[in-house]
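*Asks:* Below is the structure I would like to discuss, written out as structure tokens.
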Amino acid sequence: MTLATLTAGFIALWMLHGARDPTMSKTLAYSQVIGKIKSKVRIFQGDFAFLANYSYTLGADQLTDFGKRELVNSGRAFFNRYEDLAKNTLPFVRASGQPRVIDSAQEFNKGFHREKTAGGTQDDEYPYSVTVISEADGSNNTLDHGLCTAFETSNISSTAQATYASVFTPSITARLNANLPNASLTLTDTIFIMDLCPFETVVSSSSNPSPFCALFTRAEWKQYDYYQTLGKYYGYGAGNPLGPTQGVGFVNELVARLTGKPVVDHTSVNRTLDTNPNTFPLGRSLYADFGHDNDMTAVFAALGLYNSTLPLSTTHTMTVEEMHGYSAAWTVPFAARAYFEKLQCDGEEEEMVRVLVNERVLPLESCGGDTLGRCMLGRFVESLGFAQAGGYWNQCFEESGERGDVEVA
């Protein structure tokens, strides 16, 4: 069989917002750590010399200029990748209600428009509309979790990360304190200082790595990546009993789009929007949804994309190979994207489905994917029984049985 033709295709894109400033709570915490260092340390030498003139100036929650460029480039890449479809139609775009997510959708549209008109093609429909789904408390939103009470009170992720932090950060903390006399940095402070490497890098006008990055070794950055991976896996992925359930609503919307049938869901779907063809149209060729990394992780889990990943250890670092391709850095970096392709392949009567996460074709083992990562549409939909049954949504509002009290490996 040849790979496929996309003349009768369908593409759904789920995309994470671009690079941003830290959240408000984190920016306050980072500022306090820097303030402590600056007030207690008198001499800064070697790799730490830059701290003598460093001032903390990061904002909170907003998309950075680097993040905007990421999304413009993604919009251009999306047009080029699927030009046979994109030149004749526009993607139907939704965004969760955070300003940085809405801004990301608009920057994506800008890139799509630029590429579409690069050869002189007229595009009178720009600026394109974006359907925004509210993130207000109690709102049904498949692009942002918040309804499942038992899940929202879970502490599995923080427990897993704290256990691993106690393994990998003590030696780093000791070295930092030796180079920063009187700073009295804690294990948590060490994580915060490591956080500043990516956050300072994505606000740099040059996009060059921040000096904070050079304070740590390559091996330590691999440990840091694993620490973040534990947060996603035990927070929103398969490591949390209710993690995959947070992605069920979006998966059921994906099924509706793939099959052209109305959404069937009793979890986080916004019925007001999804029963209105203006805000949830079926039969389109291109869709693009914009949300958050945590929710993207939950959707991947609800889809079973990483079912071969065994429970992650909290006492030693596992490689990406040992995790069968699962990693926070591989799945949900800033501007992460997942393509869900419905293909009409030569020699096949039934349409096929393929999933790519950040350009990697996933094997789709749950539906018997072939060597090119494709499943028959019917088998792909059948493999999503967990989502179509509502996951464990019935456990979200149980008054007993705290879901955060399970053991982690």
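Counting starts with 1 at the first residue shown.
Glycine is treated like the rest: Cβ placed from N, Cα and C.
TrEMBL lists 1-18 with the feature signal peptide. For H17, the entry in TrEMBL reads active site, nucleophile. Annotated disulfide bond per TrEMBL: C148-C396, C197-C213, C367-C375, in sequence order. Residues or ranges marked as active site, proton donor by TrEMBL: D293.
Tell me about the setting of these features in this model.
*Replies:* Long-range C-beta contacts of H17 (active site, nucleophile), restricted to its own chain and to partners at least six residues apart, with a cutoff below 8 Å, comprise L63, G67, L71, Q98, R100, V101, D103, S104, F290, G291, H292, F334, A335.
Note on C396 (disulfide bond): other Cβ atoms within 10 Å of its Cβ, all shown chains, come to 20.
Under a cutoff of 8 A between CB atoms, and with a sequence separation of 6+ in the same chain, the neighbours of C197 (disulfide bond) are P209, S210, F212, C213, L215, F216.
Close to D293 (active site, proton donor) in the fold, though at least 6 residues off in sequence, lie L16, K232, V332, A336, each with a CB less than 8 Å from its CB.
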*Asks:* Indicate the candidate from C148, C213, C367, C375 with the smallest number of other Cβ atoms within 10 Å of its Cβ, considering only these disulfide-bonded residues.
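*Replies:* Per-residue Cβ counts within 10 Å for the disulfide-bonded residues C148, C213, C367, C375 bottom out at C213.
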*Asks:* Return only the integer: C-alpha distance in Å from C367 (disulfide bond) to C396 (disulfide bond).
*Replies:* 28
